[in-house]
Amino acid sequence: MTTRYIFVTGGVVSSLGKGIAAASLAAILEARGLNVTMMKLDPYINVDPGTMSPTQHGEVFVTEDGAETDLDLGHYERFIRTKMNRRNNFTTGRIYEEVLRKERRGDYLGATIQIIPHITNAIKEKVLAGGEGHDVAIVEIGGTVGDIESLPFLESIRQLSVELGRERSLFMHLTLVPFLGAAGEVKTKPTQHSVKELRSIGIAPDVLVCRGDRPVPANEKAKISLFCNVEERAVISLKDVDSIYKIPALLKAQGLDELVVKRFGITCPEADLHEWEQVIYQEANPTGEVTIGMVGKYIELPDAYKSVNEALKHAGLFNRVSVNIKYIDSQTVEAKGEEVLQGLDGILVPGGFGERGVEGKILAAKYARENNLPYFGICLGLQVALIEFARHVAGLEGAHSTEFNKETPHPVVGLITEWINEEGNVEQRHETSDLGGTMRLGAQLCHLSEGSKAAISYDGNTCVERHRHRYEVNNNYKDRLEKAGLVFSGLSSDRQLVEMIELPNHPWFVAGQFHPEFTSTPRDGQPLFVGFVAAATAYQKRDLG
């Protein structure tokens, strides 16, 4: 199969939405029957984002094969059917690590290791490998043109475009076309300078996607075309929208997909966007609204919970309600108590690491349990629910996780002592193990108890969800907790690890050790999120009634 490559760069400012624009183009091409994949090349030195602060970098998206990746891969999976893997995201740090490892082994036969050709060759090899087996591979380059960090990646894709030829490569550049209120017009100079910077390193964009808060007028498109040496039909206006799921239709209306397939000489049918039209219709026509309190510790940056936010919105589509997310700092719950949890239709406690704010999450679980308020716990959200139940129902005073209190008299949650590395080898984990890449990661099979809310939600007796954690329920306490009324409704494939818990006499008190948000999409939803929002809707109606 001959793979065509679309390289996506950004200029003027960061946070223009390269990932969303690239994913939207991928969605249109997929709707034309093409097999599309995507890649994100990140210029930072970290080997992967696994140990980066969520409040700086946003969430870590976990793929089926257990790679800890950039949150843009979450956008990719929400827009196209192709599942991402560890080949779809790599960093400068990963490239340098692999090149230096080869140098230490003597693979370069004593050569002087340089950015060109050794680093650029390594980048090109990964890009080509990631695109194998697909009709089109869309490659997003992180950062902004002009950044020092991005230069090796830009040089690599410049070389690739020469090697692949025009029939197999295309450059799409996102820029900002700001509107100046004082002048009463949009300004194209930032775009012109950004393209000039890109051309100075040997890359001439074939498509310009112009971001702004309003459409770019036709006369300004003509001006951009003239000064940036890009066909006028390839100057695409992409204004701000109230829903990112409208973007595929906006790009298609301007003929971007047709331009791409003609450039690549691909014969394929017109794009069928009826699934996206349905998503947009459901989003625009809710029959009600529910308020979900998300009790977390990274709420100053909502992108730290990007997939959770999106999964709640998707669940709203399937329940025909809009979901209003109220972000609640778990430390505020510790300081002010239950008053900050009033007026909610459901509580969701997402994942997290470290002791800060844990008691606030435990209090949130207690409030939901005692007030029959729908509760959904994810990863740490399961652990705090279990700790709360152990303390206040099972009579295990002082129960805790050894992550937060190594001297707890009742360690109901403890460290997983074995883990499998990327090569598939079993290694021992202990308190001083490296933080990076030493968790239980990726898709795992879970057996569900018959008749449980979990089994009803999934409409079956198994599910496969993605994990990212070091700590698990301590099996030594299972019998005592079960006798107190807790149901262990999900177990690992070998039935040795607890994957899900729930309370049978509660409208919806369900928690999973995994991260179901990573498998939610606007077209398909996710069973547990759909069930949770349905329970929140029912709670609201009962409360109002």
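Note that Cβ sites are derived from N, Cα and C of the backbone, with glycine treated the same way.
Remark: CYS379 (active site, nucleophile) has PRO350, GLY351, GLY352, ARG468, HIS469, GLY512, GLN513, PHE514, HIS515 as non-local neighbours, by Cβ distance under 8 Å and separation of at least 6 in sequence. The active site, nucleophile annotation in Swiss-Prot covers CYS379.
Secondary structure at HIS515 (active site), taken from DSSP and collapsed to helix, strand or coil, is coil. The annotation active site is assigned in Swiss-Prot to HIS515 (among others).
Counting only same-chain residues at least 6 apart in sequence, those with a Cβ under 8 Å from the Cβ of GLU517 (active site) are SER307, VAL308, GLU310, ALA311, PRO350, ILE378, GLN526, PHE529. According to Swiss-Prot, the feature active site maps to GLU517 (among others).
According to DSSP, SER14 (CTP binding site) sits in a coil region rather than a helix or strand. The annotation CTP binding site is assigned in Swiss-Prot to SER14, ASP147, ILE148, GLU149, LYS187, THR188, LYS189, PRO190, THR191, GLN192, LYS223 on the grounds of sequence analysis.
According to DSSP, GLN192 (UTP binding site) is assigned to a helical segment. The number of other Cβ atoms within 10 Å of the Cβ belonging to GLN192 (UTP binding site), over all protein chains shown, comes to 16. Sequence annotations record features per position, and here Swiss-Prot assigns UTP binding site to SER14, LYS187, THR188, LYS189, PRO190, THR191, GLN192, LYS223 based on sequence analysis.
Annotation comment: Swiss-Prot describes SER15, LEU16, GLY17, LYS18, GLY19, ILE20, ASP72, LYS239, ASP240, VAL241 as ATP binding site. In sequence order, LYS18, GLY19, ALA23, LYS40, PHE61, ASN89, GLU140 make up the list of same-chain residues 6 or more apart from ASP72 (ATP binding site) whose Cβ falls under 8 Å from its Cβ.
As annotated by Swiss-Prot, Mg(2+) binding site applies to ASP72, GLU140, with the evidence given as sequence analysis. Within 10 Å of the C-beta of GLU140 (Mg(2+) binding site) we count 27 further C-beta atoms, all protein chains included.
What Swiss-Prot records for GLY352, LEU380, GLY381, LEU382, GLN383, GLU403, ARG470 is L-glutamine binding site, and it gives sequence analysis as the kind of evidence.
Residues or ranges marked as domain 'Glutamine amidotransferase type-1' by Swiss-Prot on the basis of sequence analysis: 291-542.
The average pLDDT computed over the region 'Amidoligase domain' (1-266) stands at 96. Positions annotated as region 'Amidoligase domain' by Swiss-Prot: 1-266.
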DSSP secondary structure for GLU140 (Mg(2+) binding site), reduced to helix/strand/coil, please. strand
Under DSSP, is LEU382 (L-glutamine binding site) helix, strand or coil? helix
Sorted by position, what residues of the same chain at least six away from THR191 (CTP binding site) have a C-beta under 8 A from it? GLY11, VAL12, THR175, LEU176, VAL177, LEU208, CYS210, ILE224, CYS228
Report, as a single number, how many Cβ atoms besides its own are within 10 Å of the Cβ of GLN383 (L-glutamine binding site). 30
For ILE148, LEU380, LEU382, listed as binding-site residues, tell me which one has the smallest number of other Cβ atoms within 10 Å. ILE148
May I have the list of same-chain residues other than GLY352, LEU380, GLY381, LEU382, GLN383, GLU403, ARG470 whose Cβ is within 8 Å of the Cβ centroid of the recorded L-glutamine site, in sequence order? GLY351, PHE353, CYS379, VAL384, SER401, VAL413, HIS469, TYR471
Do you know offhand how many angstrom separate GLY381 (L-glutamine binding site) and SER15 (ATP binding site) by C-alpha? 30
